[in-house]
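J.: After the structure tokens below, expect a handful of questions from me.
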Amino acid sequence: MALRGTLRPLKVRRRREMLPQQVGFVCAVLALVCCASGLFGSLGHKTASASKRVLPDTWRNRKLMAPVNGTQTAKNCTDPAIHEFPTDLFSNKERQHGAVLLHILGALYMFYALAIVCDDFFVPSLEKICERLHLSEDVAGATFMAAGSSTPELFASVIGVFITHGDVGVGTIVGSAVFNILCIIGVCGLFAGQVVRLTWWAVCRDSVYYTISVIVLIVFIYDEQIVWWEGLVLIILYVFYILIMKYNVKMQAFFTVKQKSIANGNPVNSELEAGNDFYDGSYDDPSVPLLGQVKEKPQYGKNPVVMVDEIMSSSPPKFTFPEAGLRIMITNKFGPRTRLRMASRIIINERQRLINSANGVSSKPLQNGRHENIENGNVPVENPEDPQQNQEQQPPPQPPPPEPEPVEADFLSPFSVPEARGDKVKWVFTWPLIFLLCVTIPNCSKPRWEKFFMVTFITATLWIAVFSYIMVWLVTIIGYTLGIPDVIMGITFLAAGTSVPDCMASLIVARQGLGDMAVSNTIGSNVFDILVGLGVPWGLQTMVVNYGSTVKINSRGLVYSVVLLLGSVALTVLGIHLNKWRLDRKLGVYVLVLYAIFLCFSIMIEFNVFTFVNLPMCREDD
């Protein structure tokens, strides 16, 4: 999820400043997983022990996404993925006595390295590519910008298919998807500092397509194997999603134009019809509000663009005779020219009323002591023969809104030492990483390196692949040392580590008043994770590396997690709808509770608490 324009430098700078919060959150997730593994591990071991008598008939060796070679035999434990990586410098006993802390610090360092590469090098190069290809904002956001935020998950999935042959990659995809939907929305709702009005079209569009993608994924993994055409279908589905984003404006106009227009009485649908407690459909007829009840009107701030027709339809006042006359003259009983003039007059009056309300002025005193207001039906009449009176009746000119301060470009540099003491400590720890990246990757954000954006793209991609490999390696060692299965480490620790930077960026964007964009983009980026993050590795394995082969899937444990993912999407959209499409603290607490429930159920399923699902991981005394 990346933003263009002047907000991106501010977002990147703030993300660097929030490094302690990110590290603290990831460590808290790891501590929660360790406690849960100790709590549910014994229960799951008993369930697995009681099920050993049926293992030869019901169990195939747990090698998620591993190519079928016909030589697998039934075993009483699952081979750990740690053997697919280079040998660690420490033994298992040394790690259990404290050396694992070094691996945790290394994994956190890789999380930060991935965030730096994506924010300061990879995403700017993608923006330059989009500019050269003349892509629209929607298409660029659905393709290159989505790739910029989901590249760590994609490489984790590739490593899971071609190196570990385990479930750490798909666990990261599923866990990151749930984290993006629940945690990002929850954090924005709790800490945005304002109530964010969500656009129903963007949320419903991405949620419906994402639901379709998850259902297709469940159907494909149900038979415990992936063939070449199934990976191809996932990629084709993403191509269709790009087309939807390309024609997003036309589709939105088609689905929203269903309700009666104020101007001509033709069917037009307002976005406020779905999810607005003020709208009941009775105000489509201009004559209805004449005898209706005046509802409590929400307060509207002074915005650059005010949707006057939607505001009037959502909270119509009780009109008296002068305004009622204007409303009647915009019906189809009058000619088009009269309707246009009266509609323009209503819009001008309503705009003036909103400006006065925003400035705390609800009425204007006249010379004879009366007050002039739309609410009491006194519409001002201009007298061209008395310019002095017209000048006195005109409202004072409004001061122009202050222009936003320009955001200075904050280029990453190893030689800019911060002034604060805490920032200096962080600068010392991150200096080797920043120096290495600045020396090896040209920063195409700078004017002199702008023409080398393709070199930036290639080198940044290589560094992302290297950091992702080290990250998955360290997380695999941590999980093996603590006795946590790879899929749980992927769903929790890896998902949080790769998604917390995006969560912090979404919070920053929400505080800037763009919370709707942040929330809708989180769901849209999950479409990339499922369709591309899984479709591309599966397609490469079955069509390029080994044509005609299949990818083995442990659907017994994976289907449960994907069903939980599907349920979390449905419950989140339902909660947003019941909350009148508003993102506030109440909705934030609701989705965070859903995330905690998802983690608990996923961990209990993987530890065989409810029923036997997975074999325990093979342990070695080294």
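Glycine is treated like the rest: Cβ placed from N, Cα and C.
Keep in mind that this is a model prediction, so the values were computed, not measured.
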J.: Membrane-wise, does Swiss-Prot list Arg132 and Gly422 on the same side?
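T.: Result: yes, Arg132 and Gly422 share a side in Swiss-Prot.
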J.: For the set Asn69, Asn443, say which residue Swiss-Prot annotates with N-linked glycosylation site.
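T.: Cross-referencing Asn69, Asn443 with Swiss-Prot, N-linked glycosylation site lands on Asn69.
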J.: Any chance the transmembrane segment (480-500) and the transmembrane segment (173-193) are in contact, meaning at least three CB pairs closer than 8 A with a sequence separation of 6+?
T.: yes
J.: What same-chain residues lie close to the transmembrane segment (173-193): Cβ under 8 Å, and 6 or more beyond its ends?
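T.: For the transmembrane segment (173-193), the sequence-distant neighbours (Cβ-Cβ under 8 Å, at least 6 residues beyond its ends) are 150, 153, 156-157, 490-492, 494-496, 498-499, 502-503, 506-507, 510-511, 515, 518-519, 522-523, 525-526, 529-530, 533-534, 558, 561-562, 564-565, 568-569, 572, 583-592, 594-595, 598, 602.
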J.: Taking 201-221, 225-245, 458-478, 587-607 as candidates, which has the most Cβ pairs under 8 Å with the transmembrane segment (143-163)?
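T.: Result: 458-478.
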J.: Within the topological domain 'Cytoplasmic' (579-586), count helix residues (DSSP H, G, I), strand residues (E, B) and coil residues, in that order.
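T.: The breakdown for the topological domain 'Cytoplasmic' (579-586) reads 2 helix, 2 strand, 4 coil.
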J.: Using DSSP, tally how many residues of the topological domain 'Cytoplasmic' (194-200) sit in helix, strand and coil.
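T.: Computed counts for the topological domain 'Cytoplasmic' (194-200) are 1 helix, 2 strand, 4 coil.
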J.: Under 8 Å between C-beta atoms and at least six residues away from its ends: which parts of the chain pack against the transmembrane segment (225-245)?
T.: 65, 68, 138-139, 141-143, 205, 209, 212-213, 216-217, 251, 527-528, 530-532, 534-536, 538-539, 541-543, 547-548, 550-553
